[in-house]
Structure formats: C-alpha cells, structure tokens
Amino acid sequence: MSRSRSAIILAAGQGTRMKSKTVKVLHKVAGRPMLDWAVALAGDCGASDIVTVWGAHSPAVRDAAEALGTRTALQDPPKGTGHAVLAARAALADLSGDAIVLYADTPLITAATVARVFEALEGGASVAVLGFEPDDPAAYGRLITNEAGDLDRIVEFKDASEAERAVGLVNSGVLAAPAELLFDLLGEVGNDNANGEYYLTDVVGLARARDLRAAVVVADADEVLGVNSRADLAEAEAAFQSRMRQSMMADGVTLIAPETVFFAHDTQIARDVVIEPNVVFGPGVVIEEDVVVHAHSHIAGAHLKRGAHAGPFARLRPGAELGEGSKVGNFVEIKKSQLAEGAKVSHLTYIGDASVGANANIGAGTITCNYDGYDKHRTVIGDNAFIGSNTCLVAPVTVGDGAFTATGTIVTQDVPADALALARTPQTHKPGWAARFNAAKQARKARKDSQT
C-alpha cells in the first residue's frame, strides 16, 4: 500500500422504514451496531482518516462515531449521496491519497473485498465501483461495462432501456477514487433531476467524459446487503450467521445443528470444541480447545478454558471464567465469577461475584447472596471445598480450603479451612402429629360435605 487511504462513511439516512426510535445505523447485527461494522471495516482496509457523515435528525450517530474515534461531518439538509460525500471534505485531514465511500447500513462487506477495490485504483483505474449480481436486480442502478470490461456508465433503473435493464450487474454504492479527483468530480455534479439531489453515481460519467478509466469490482450479493427495514436487518443477521457457521466448521469446530447456533461478531472458538443445538453466543466469548457447550445454553462475555463443560441450559454472563476441566451444569447461572481447574457447579445454582477454588464442588440449589440492595459483595470458596445442597452464602464471605457446608446452611461468617459449617434449626419429631392432623382435616371435610 503505497498511497494513504481515507474512508467516508455515509450515515445520514433517516431510516424511517425501521419504524424505531433508535437510529437505523445503530441497530445491531451479531451484537454490534452497524455503524461499528463500517468503522471497523474502514480501519481494517488501512484507512488512516475516517469521516462519518451524519444528519441533523441523528446526533446519536455523531456521538457514536466520535466515540469510535472517527471525525464527523454534518449533512444538513440532505441532498443526496454526492452532497453527503462533499460534506466530508472539510473534515478530511489529507486529500493526497485514495478515498473510499462506505455505507453504515451495509455491515457485511469484508476487508478483502475493499482491498480489491483499492487494488483496482492501484492497477490504473481512476474510479472503482463495487458491484454485485443479485438474484433479482429489481430497481438497482445497472453497471454498464465496455468491451474491455471497464465501467462505462451507471444507469438508474428508471432511465434504463430494456437492454440495460437486462444487465444483471448492479451498483452497491461503494465507490473509491483518489480523494482530490473525487472531490473535483463532485464539484461538477448537478442536481437537475426529479429529486433535486446530487448523486455520487454521476462521478462515473464525469470521469469517463474526461477519458478516465473506471473499473468494476464484483462482490457476493450477501456482502453488500443494505439494511433499510427490520426484514433487511433479519436478512443481514442470517447472512452473517451462515458465514460464521461455515467459518467455524472449517476451522475445526463441531456444530451438531449449525442452523440453531448463533454467534456474535467477535466469538472466538478453538478447534475440537463441540457446540450442541440451540446455543446463543453474545459478544466477548472466548472458548479454548476441547470444550463442550451443551444444548440450550446462553453465553456472553465469558472465557471457557480447555476441557470445560457448560450446560445444558447454562447461562454464563459477562465476567464468567471456567477453568480447565471445570463443569457448569443445567440451570446454572455464573456472573463475574471465576471457577478454577476442576471445579464443579452441576445444577440449579447461582454464582455471582465469586471465586471457586480448584476441585471445589458446589451442590444443587446453592446461591451466592451477593447483593444487599445497594452494593455487590464477593464470595470466596477455597480449593477442594464442598458446598452442600441448598446452601446460601451471604457475601462478603469466605469458605476455606477443604471446608464443608452442611445441606441447607445459611453461611454468614467465614468458614475456616477443613471445618464444617452447620447453621440450621435442629430437627425435632412430634409423635402421632400426622395422624391427628389428617383425622382433624378429614372430619372437617366430612362436616362441610354433609351441609351441602
């Protein structure tokens, strides 16, 4: 890469078809706002200068873009895509390199595809346009090429002849050119059209009028899927999940029922991991080799170390860390807690704000009582400790190495190493009580029945 690169991300659309109080480009695909996808793509393709163009109706976009480290430019009023790109000119620090126009509502374009667009410029094209061939070209603008395969013009559907409408190669909107040339051409774009707008696509015709070469780079249709509605959002999510499932399996992950497993944008899973059906991964998950995630589990912000097991019906929340060979079983929730090597939490348990030592065993129904209504408090369970079923651990509290808690104990004080904690009412027996109770109840029922 010999020339510097910049990226202009168009994010000023109103997105009314989403029917949402949330701005369209802040809706998420795979747990990540679409704007974040675009900014990450710009960075991945080597853009050192990124400008996000936002609209006056959506200051939340400006705030989000600035939080992501991009410059911002306001398009007000909105007068088309060409006008939006022009709005970014003052915010760009350097016009000496190449610039690419990306869209914040097109989240699935890969860095490899964008690299091919820049390669077209490096190969001698003055303008490079990203096109695709959808199953149904519908009303997309057609990319008309010449005999050499270069782009001759972009024809909007409403202006296309029958022969041009038969062309299957259409415009994605993504366009790259040397920045200085791009803005020079945009300065010549007029708005003599039904909408009175300035169209970025006119740049191609203006470049050809100067006898400059324009190239087409073809992408898969799934990559350039634009999101304008909830249905489009669902389609983008499905496309991402399909891509991720194939990638995971190609990298050595077993998915028993791939179509039922859902990943986040940043899920990291090592080889020889087995994922059973109906598992959902939120952001921030790292899974090491030989882990098994059983069916119907939900995992977010968690780290599962080598050989750990989770589920079925496990919920691992942010900050959960499962040590090597540890086990979290059915109907167990772990939050902001660390399980050391070989620890077992097999069923019906909540562990929050805690550390569980190596080879400790947590019995069914155990609860760490970590919240007093104002603050969270920590529970520490030592190595080889045994927590009896139905134990309540009232934090802050420590159970020492090798200590036991008796079933049903409410632990409110630290338990020394190798001690037994027992805190429950002594069991007493009342001889004959059950017979007397049953006789009284039956007599009462008989009297009531006789009165009806």
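Every residue gets a Cβ built from N, Cα and C, even glycine.
In Swiss-Prot, the acetyl-CoA site is described by A364, N370, Y371, S389, R424, and among T267, T407, T452 the residue recorded at this site is T407. Checking Cα-Cα distances from D105 (Mg(2+) binding site) against the binding-site residues (L10, K24, G80, N171, Y371) with a 10 Å cut-off leaves L10, K24, in sequence order. According to DSSP, K24 (UDP-N-acetyl-alpha-D-glucosamine binding site) is assigned to a helical segment. Beyond its flanks by at least six residues, the region 'Linker' (231-251) meets 18, 27, 29-30, 107-108, 222, 225, 258-259, 261-263, 265, 267, 269, 271 of its own chain at Cβ-Cβ distances under 8 Å. In terms of Cα spacing, the binding-site residues A12, G80, A364, N370, T407 that come within 10 Å of H347 (active site, proton acceptor) are A364. Confidence in the region 'Pyrophosphorylase' (1-230), given as mean pLDDT, stands at 95. Among A364, N370, Y371, S389, T407, R424, the residues given in the record as binding acetyl-CoA, the maximal Cα to Cα distance rounds to 22 Å. The shortest Cα-Cα distance between L10 (UDP-N-acetyl-alpha-D-glucosamine binding site) and any of the binding-site residues N228, N370, Y371, S389 is the one to N228. Counting only the Cα atoms, the space from N228 (Mg(2+) binding site) to Y371 (acetyl-CoA binding site) is about 42 angstrom.
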